[in-house]
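See structure below.
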Amino acid sequence: MVLRKLIVMLCLLSIYGLALVLRLPEFDRKNGIKEVFLHDHGDRIEYTIVFWDEDHPHTLTDLLYDLYRFYKWGRFYDIETFFLYPDRIHFPDDFCDSETYFQLENLHNQAELSLDQFEHFNGKPVVYISTWNHMFSNKPLRGVSYLSYKVEKTAFGTRNDAERKYSWRKNVKLKLTLWLFFASLGSMLTTILLKGRSKLCIVVKGLTTTLIATIAMLNAQGPEWLIFAGLIFSLMGDVFLEFDSLFFQGMLAFFTTHLLYSIAFFKLFGASAWWIFVLIYAVVLFQYVFLKNHLGKMKVPVLLYTVMIATMLSLSFAVLKHEIYYARTLIPIGAILFAFSDSYLAWDKFVKKLPMRNFVVLSAYFLGQLFIALSAVVI
């Protein structure tokens with residue numbers, strides 16, 4: 001069965017996979033095509049296009065619509081489908097001969113057009129993406145510069161297969177990730193409430209990091225396993241830091257976490273711009289200058305730890321160079337929160353007691369770790 005599907009898939013790719021050209025307005029490239037699913041129905045080929053997102057022209061409406069779509073369909077991704085026949089293309093409910101890309105009315109239409117009604121490029125019909133919510137058309141919009149999309153990731157399957165992959169309502173792994181997300185938030189709040197009040201705190205604190213690590217483990221591929229490994233060292237650090245006599249061991253565990261995160265970010269996204277390194281190193285080392293007179297024998301270890309934090313934080317911004325959407329962009333946010341929690345804790349321990357230490361440190365730390373773990377969810 002697997003061999004048969006592979007043979008059919010290869011035939012589809014060779015015959016139909018490049019049988020048309022998809023064009024997207026250049027200004028909307030960040031919402032471009034993530035993946036295309038192909039399925040042979042015998043008399044027609046089903047094209048299911050997965051887009052990174054769709055942006056409503058009004059910002060607030062877009063946010064509400066994203067939340068609604070995530071609740072109703074179980075995904076942020078936009079998925080549209082049409083059918084290619086030997087002599088025509090059928091759009092079930094996603095055709096719009098729009099006047100502007102930001103049109104808000106008369107969006108979802110049914111249409112069946114002969115291939116003669118399309119522009120052709122190298123003998124292939126050109127399908128234009130004509131609206132912000134990815135309706136299709138056989139005509140370009142006036143004055144709009146288009147990108148001809150080269151589909152680099154193609155899968156064998158129907159619209160239902162695409163939904164099963166990208167919707168948490170139909171994907172067991174994503175559904176479990178969502179439950180782990182809520183469980184980790186609950187465990188985080190419990191840890192904050194118990195800190196300094198109960199010895200049970202150390203157990204719940206470890207549970208929180210374990211839940212976050214499980215999110216990373218479920219979704220890890222390639223270098224993302226380094227993020228999972230970093231969370232395991234964080235779990236060790238969580239335990240060590242509960243005992244004043246094991247502070248150095250805790251710092252060493254978290255140093256390893258920052259190192260593993262740095263390697264993961266570099267392998268995934270490369271290096272950040274040089275000015276980001278300069279800016280972050282300057283800020284972090286400036287803080288060290290104020291700390292060093294209070295460090296005693298810890299001057300060198302804290303300096304090395306500071307450099308490692310700066311490296312991890314700098315590399316986290318490399319993701320912004322890439323056209324990557326959703327969870328990946330949580331990496332720099334998570335890294336900032338993680339670094340902030342370390343800085344707040346260091347100032348509290350070595351310089352003077354700071355207000356709301358437990359709440360500030362633990363909330364920033366856990367949210368930072370959670371955001372970094374969630375970065376692996378992008379499929």
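Cβ coordinates come from backbone N, Cα and C, glycine included.
Record features (TrEMBL):
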- 176-194: transmembrane segment (TRANSMEM)
- 246-266: transmembrane segment (TRANSMEM)
- 272-290: transmembrane segment (TRANSMEM)
- 302-320: transmembrane segment (TRANSMEM)
- 326-347: transmembrane segment (TRANSMEM)
- 359-378: transmembrane segment (TRANSMEM)
### Task
Go through the chain and flag residues at least 6 beyond the ends of the transmembrane segment (326-347) whose CB is under 8 A from any CB in it; none is fine as an answer.
52-53, 76, 254, 261, 265, 284, 287, 291, 302, 305, 309, 312-313, 316-317, 319-320, 354, 357, 360-362, 364-365, 367-372, 374-378
### Query
Is the count of Cβ pairs under 8 Å between the transmembrane segment (302-320) and the transmembrane segment (176-194), pairs 6 or more apart in sequence, 3 or more?
no
### Task
May I ask whether the transmembrane segment (359-378) has at least three C-beta pairs under 8 Å with the transmembrane segment (176-194), counting pairs 6 or more apart in sequence?
yes
